[in-house]
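**Q** Below you'll find the structure I mean.
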Amino acid sequence: MKHKNSKFFFLTALFILSKFVGEVIGAIKPIDYEIDSTMAPCVLSLCSKYFKSERALKGSLVIINLVPTPSVVQARILRRFNEDNSHLLAVMVKDSKKPHRSSRVQEKAQNYFMLLQHFDDFDATLWQLKKLPTWNPLAQIVVQFTVPFKNQTIQEEWTEKLFTELHSHDALKVNIMYQFSNETTKIRVDSWFPYHNESCPTEVNNIKKIEECVVHIKTDENGKISRSPEMTSFNQDLYPKIPTKLHNCPLNVSTIIWEPFVVASDDDFDDDDDPVVDKGLEVLMLKTITEGMQLKMLFHTVNRERAVRTITNNNRTGLYAKLLTKKADVMIGGLYETQISRQLLSASIPYYQDDITWCVAPAGLAPKWLNVFIIFNFTTWIGLILTILITSIFLYYFVKYEGKYHENYTWSFLIMFSLSTSQYAHYNPIKSGIKIFLASFFFFGLHISTAYHSYLINVLTNPRYTKQIDSVDEAITFGMKFKAAENARDFFMKNDSSTQYLLREYIVCKKLDDCFLELTKDKKLAVAISRSHALNNPLQLKDGIDFFCFPVEDNVVIYSAVMLFRKFYHLLPMIDDRIRTILESGLLSKWELDSVKIAKKKDSSDSSSGGHGNGPQIKLALEHVEGAFLLIIIGLIVALIVFIIELLVSYMIKKKMFEKYLKKMEQVLCYA
């Protein structure tokens, strides 16, 4: 499909070019001070060589600008491009007098051919090309001065100024063609090698001649004139212009201290400081890349308050300020692409997936007084109590039938309760049936007592917690406060009710780490923060912050971490290749595992271990068994109430009030 579009575009461009050439060629007259139009074969041969070099693709787009004053040279060059039988290049002619129709071409230009009569024409030409959606300073750029130079001094001055201007617009793959007035059949080509002789692309030097082309004119016996170009190359050993080893040229890195991606050597630093950066996933990645490319990293940290503000295109106070002003080449710190970064910056390939989620305080401990009761569930307790009550009735009638003892129901209940808890109870039955009954109940009590004590140890040594809030809806229902960075507002643009509530109610947090620290004090606070950062936050390891982050399915947003570069940064393709190598080798995963191990080691070094386990020894306090004391208190209260009732019953019997009924109840429950 892409091939068909390219072919269609080429035919369209060819038609337009033919029409243009046909209209202007007859009306154009030679200009004395321009180079000889017979040099067109050299121009075409040189362009074909440069435009096909390195990464230029077959059928790639070439944009040719028109000089303000139409000339024979321009028309001749356009005609030669039009008559090229190889059709390796799709040509688009730009006339600054006519508006550009962006719907014609969508792909980035791979080549530019600029025709300049004077150096003063450059600004207008570049402005015209930069307005196009196809603008690509990483493309091959060939510039031809159509006016011969009278001396070498002017030529060197104009050439250096032109290289400098194009370099300020991030163009490095530039070749400049020119001619001297005393060399009517020769064209020279100069190029700039930014890394030659251990230089760096901070200033323009190392301008070298790379080509000469001479046109040989021959006339055959029929009087037909033929022109053949002869090219001679120079300094070809200086290629490629961007070598694989860059002899410690600086790579300026703007960074946010954001664990685990970027870690400062000292956790306690002020925003005005410039801490030493030597650890972190992205730092290790950049270190590996720069060591392979022989680059020297220079770090510049970004104020933490600036890092959470609304992202703008402000080149003084915005998050991307250093990249926009070219004071930094790359920015790291767990970043993701935004609408502004896509317009103004270039991004590396993604290499890490993270998400922003809500973190809250962990669920609190459940009341400990229930420890002695939660061993069995409610149904089990009811069954046990009913079993003791029913068997007590059986024992009461067995004893009454035996006639040896004259005990009441209360005594029977205490006997059965003692047996159910494997405790001693004084009773010596005579009948074999009663002995068998008590023996079977004894095994029942042994089983229940063993189960109770076994689970009691587990309950006492493993703390219980209340229900954990783990979703936005639960947090809203619970009336929690929400804090997030100012630049997180873009994530709350969904139409569901929960997201709209968060958009209205969330509180802007100027320092996310400080808000994260508040989780230890405020149990009704939720903070939106990177999950990876929360798990590797030095405050969490240093101050023992305990927290809970919502699961992935209920987070704020999932994003891919990238490095952000200056727009059209020339080393980005090489860096992307090395990032792919790191990912394929598994180095990033290894660094991540190592950072987790270091964090766990640092966390566990502050806690002492004891007993037979790996954790700290748990000592039982009064609160762990306060349920037992509560039972004693309840028993004393019940006993007091019963004692008062007994006094009341005794008084009523003496007064002969309900005497018969009360004596019967007293006999069954209280006395033998």
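Just so it is clear, glycine is given a Cβ too, placed from its N, Cα and C backbone atoms.
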**Q** Looking at 124-142, 409-427, which one is transmembrane segment according to TrEMBL?
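**A** Transmembrane segment, as annotated by TrEMBL, spans 409-427.
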**Q** What residues in the same chain, six or more past the boundaries of the transmembrane segment (369-397), come closer than 8 Å to it by Cβ-Cβ distance?
**A** 407-409, 412-413, 415-417, 420, 434, 437-438, 441, 444, 448, 451-452, 455-456, 459-460, 464, 623-628, 630-631
**Q** Apart from its near flanks, which chain residues at least 6 from the ends of the transmembrane segment (433-457) lie with a Cβ under 8 angstroms of it?
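**A** Long-range Cβ neighbours of the transmembrane segment (433-457): 371-372, 375-376, 384, 387, 391, 394-395, 398-399, 402, 416, 419-422, 427.
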